[in-house]
Amino acid sequence: MALPTIDLKIPEYEECQHKITDFLSHFKQEQVQDGQQNQDISMSDAGDEPFLKSKYMDILQKISNRESNVINVDLNDLYEFDPSDTQLLHNIESNAKRFVELFSQCADALMPPPTVEINYRNEVLDVIMQQRVQRNENIDPEHKGFPPELTRGYDLYFRPVTRNKKPFSVRDLRGENLGSLLTVRGIVTRTSDVKPSLTVNAYTCDRCGYEVFQEIRQKTFLPMSECPSDECKKNDAKGQLFMSTRASKFLPFQEVKIQELTNQVPIGHIPRSLTVHLYGAITRSVNPGDIVDISGIFLPTPYTGFRAMRAGLLTDTYLECHYVSQIIKNYTNIEKTPQSEAAIAELNQGGNVYEKLAKSIAPEIYGHEDVKKALLLLLVGGVTKELGDGMRIRGDINICLTGDPGVAKSQLLKYISKVAPRGVYTTGRGSSGVGLTAAVMRDPVTDEMVLEGGALVLADNGICCIDEFDKMDESDRTAIHEVMEQQTISISKAGITTTLNARTSILAAANPLYGRYNPKVAPIHNINLPAALLSRFDILFLILDTPSRETDEHLAQHVTYVHMHNEQPKMDFEPLDPNMIRHYISSARQYRPVVPKDVCDYVTGAYVQLRQNQKRDEANERQFAHTTPRTLLAILRMGQALARLRFSNRVEIGDVDEALRLMSVSKSSLYDDLDPSSHDTTITSKIYKIIRDMLNSIPDVEGNERSLTLRAIRERVLAKGFTEDHLINTIQEYTDLGVLLTTNNGQTIMFLDPDLHMEN
């Protein structure tokens, strides 16, 4: 009986090499200027002749001229070069490790001579190779060869096909994917130090001086001991080989751990992790906390040491990285496109950018306009200053939201952690002091004690959102004190003494001491946070849930609309999507506003007044927060953030007024609760007072009636936190009462009896 057989379709590698050579030498693309993407070329004038350029031959020429050391082979180019030949593309994706070597061999064969004079003193390997060539001129030809890995001055990587390809999650990887080129999405949880990895080991004989090379392709190898040269064999000398470190070739190596995202984990499961190996030029391309798509070759690796004895036939798996794509890029790395720049210019021309951006933050959450404005300033941030003596003044803004349950504090925190390029969300009960700062761990690769960053380190140059801030243990909460002002974390444990950067903004949410706010107890006792911590927050919002027929009705309508239509109610403008908000903030953060002399004097007077108000509140037992010199810095930081939103390099008095208004509004609900007479002041009367004060500020010129334009009133009223509807209702109400008069089609407003209302 004949044994069953199967027909394995083994690719013809010689034929594949011919196709690869043809692709590398003949693939051309339209010429792209520096800083532009390929897709932007289609926007050029239709009448221009496209200038085609050989893409990969140019890359090889740069490598030959020592101007580059990376070849990125985009498999989209291979598909575009010959769409009918899908077999080669399939072979590469299913057996990528073998085709890396084939592409490298073809690149070696096509490597052009340098077109510029090369200085061989740049690298140690160049000097050694030059000496080897001179030495081998008189040696037998069979001993003149060098391993290809030794002579290659480049790293070759594949970029996967992007069309109709959905990234894998870690738990979706199967045995059938081994050896394949694939893309995995996850969050980076740990990165090791970059270490040299041996790829070609060089030995020198102590008897005859013969040089032997050994290519290393696995974790472990057996070093050569006896010289294989003919001279030693003839003389029966058995020369001993010694490793020559400077003549060997090392590649930078970094091990990275990625973990599944929250939305990839099934119900009741815990996130899985995957080890990723980075070699060569792509090391240091990811940081802990980054959400990335990593493309690479999924490979098995046997366990070593004692773990091999326990594992038996089991093997571990890892991903050999070829390409890294950041899902959410940092503000400095966001690529500007003509479309995004045009959208930003259109947004600026429309006016009220501050209002539109604030309303675009969590639009499905009703109200909280002033809270959203403060969160917008948190995203933009102030200007970090470094003085000549090394002193550093932080520019990041810290905000604390405290108040009754059910006012959407946690939802706002969740949204900010997602819209920020680097956002970490954690809770007070689920976080320890070590989990927030740094923990000492044993590195599984080197077996050394290393530091692993916590939530605050992961949020470096980003935002750390801490929910249930009041429920943290006091010993854990003290770990945040240094971060909130000095923006560093000092570690001294397990023989490691160092300082880590934690240049992060803190956004905290807390409930009052008794669950709900108790108006019979002083405000400072309701909050139950130490004064040293409260003073580090630039602005502290107290959000009380007080019954109000009008507000409750609007809130209920808003919530029911969201549940009916799965979207927020229609606004007078289209809310900006998070990506557009990131692009605008990225442009705004390029400005570094300065504070002129007149604004400095104005801020000084405002700060002195705040201190006087605090003294009065302490006497009346209405103290809400401590006014300290840090409050002065907070005003300046928020003013700088507002100037950045205007794309201005100067802070104006209006910016300081808005910062002071936000500080006042943050505790307005408290004063409304303490002062029952304040409930008698309606929204319309507040807006009327603003209009009256504006009219009083106009100088009285004999023969001219004092009037205001609707545009000026609208800008002032909206800046105070009111809406367009509030303004229209106020003007209509006071016009019906015979107090105001509108002219010029409603664009000009004046008082019917100016003298009477100037006195009131």
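We count from 1, first residue shown onward.
Each residue, glycine too, has its Cβ placed from N, Cα and C.
Neighbour count (other Cβ atoms within 10 Å of the Cβ, all protein chains): 17 for S410 (ATP 1 binding site). Positions annotated as ATP 1 binding site by Swiss-Prot: Y366, G406, A408, K409, S410, N511.
Remark: R630 (ATP 2 binding site) has E485, S535, R536, D538 as non-local neighbours, by Cβ distance under 8 Å and separation of at least 6 in sequence. Taken from Swiss-Prot, the feature ATP 2 binding site covers R536, R630.
According to Swiss-Prot, the domain 'MCM' annotation covers 353-559.
Within the chain, the motif 'Arginine finger' (535-538) has long-range Cβ neighbours (under 8 A, six or more residues past its boundaries) at 397-400, 481, 484-485, 506, 508, 625-626, 628, 630-631, 633-634, 637-638. What Swiss-Prot lists as motif 'Arginine finger' is 535-538.
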The one of K409, R536 whose CB sees the fewest other CB atoms within 10 Å, among these binding-site residues: R536
DSSP residue counts for the motif 'Arginine finger' (535-538), split into helix, strand and coil: 0 helix, 0 strand, 4 coil
For R630 (ATP 2 binding site), the three-state class that DSSP assigns: helix
Set of same-chain residues at least 6 away whose C-beta sits under 8 angstroms from G406 (ATP 1 binding site): D545
